[in-house]
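A quick write-up on the structure given underneath.
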Amino acid sequence: MYGGDLKVADYRFRARTQKSDFVLFPNDSSQKHISYFMATMILCKVGIATDPLLLSDAFSCGIIQTLLLFIGIMILLQLSIHLYTRCWFYGTAYNFPDIWVCVFGPTFQLLPILFIIIVYLTFVVYHGYEIYNYAYLFITTRWEDPPSFLINKWFLTYVICVLTALPCLLVKKFVSLFWIALIGNFFTVVSFICVVVALIRSVNDVGFDPNHEIKYFTSDYSTSFKAMGLITTAFFVHPMLDLVFSYMNNPTVGRCMSCTWLTSSISLIVHFITGLCSYLLFSNGEQENILYNLPSSNIEVTIGQISVYIVTLTSNAIYTYFLATQVSSLIVERRNDESAPVFISGIVVILFYVGMNFIGEKAIEVLDLIANAAYIILVYILPSIFYLRLYKFTQPFWSIISILVMVIGVPVNILIIIGQVKLLQ
């Protein structure tokens, strides 16, 4: 029996209730559970990579306007998460492909997995670039004549990606990467502190006049869409929610939803404050990452660059493992105690994203555009359609929300894509 005109209450399996104390996942006494804190740390790591240090351009539309845009995007994605989780079925479906089967049937059930793979491939492709570029910049700014192999792109990209990502493919479940996430989050905080120290040093050295050097709003719509495009993936955790919450202690509706709001709020704060500090540093350097535009002789810059590199490595390892699970699911149905398919798929993923960094920018730009379209479908279209197909207007409030998420989210992101295309021309 599938969705369509039927209400969830008519299904042969138990659907989620609206009470905050309803437990979303069946209890399994044989599995080791994680705490609320651990779940929060993992999801924070999923949403926070090196992006906060790349956001100085986002503030060209004004500080207050940027904050309002960031908050608006966060709320929109949180509503999308609420719609998505309201389509979970107790003991049956907790992810995009399984919900797709319940709503539309088994036809084209691999489409959501392909969308997810495309989106996260862009993440690891960029991290592959960062792994080489940040190491190259760190070495060449501190060593006048380094050995050629130390700055060789093939060596840095292949060796470091394989050595750091491959061991993580041996774990049996996503939450086993908690310590990787915790290390990454710790060094995110360290890099943030380094940016703050660099800003204080800059103010002491050259002074600061907020009346002449800061703007709060702008009427230039293009800069607003650019700002939204830079922040939108910071709150994208939909595909990993079930992988985390299924192992969390007492995974009630209230605890799970509060965890998503908490992680999104933390992500918002980190992205905004770090981006603001980067903007106030007024760097006109060639590198996107603010720490690589500052004098390498400053101790906070050295510590910050090392911290950012660790953040990149940990983010890349987590995304690589997740991608490996998605790729393997296209071929085999993986058991909880079987890591071989994930390991083999992970090798394929690593070779692909490393290879993409040697093909050329045009191929990466095309992949980015395809990924943006897949992102719109996953975040703004599928959760809303799932909800409307299952519930229609039996719950008017959430039905209206589902329509608003599509009506607002889809056009805004299409305009963001159009702006990105214009920049490429």
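Residue numbers in this text run from 1 along the chain shown.
Here the Cβ of each residue, glycine as well, is placed from N, Cα and C on the backbone.
Annotated domain 'Amino acid transporter transmembrane' per TrEMBL: 33-417, in sequence order. Taken from TrEMBL, the feature transmembrane segment applies to 67-91, 111-129, 150-172, 178-200, 221-241, 261-282, 303-322, 342-360, 372-391, 397-418.
For the transmembrane segment (261-282), the list of distant contacts is 40, 43-44, 47-48, 51-53, 55-56, 58-59, 63, 66-67, 70-71, 74, 77-78, 188, 191-192, 195-196, 198-199, 202, 208, 213-214, 231, 234-235, 237, 290, 294: same-chain residues at least six beyond its ends, Cβ to Cβ under 8 Å.
Contacts between the transmembrane segment (67-91) and the transmembrane segment (178-200): absent, as fewer than 3 C-beta pairs lie under 8 angstroms at sequence separation of six or more. Same-chain neighbours of the transmembrane segment (178-200): 34, 38, 41-42, 44-46, 48, 52-53, 168, 270, 273-274, 277-278, 280-281, 290-291, 294, 298, 300-301, 303-304, 307-308, 310-311, 314-315, 317-318, counting only residues six or more beyond its ends whose CB sits under 8 Å from a CB of the stretch.
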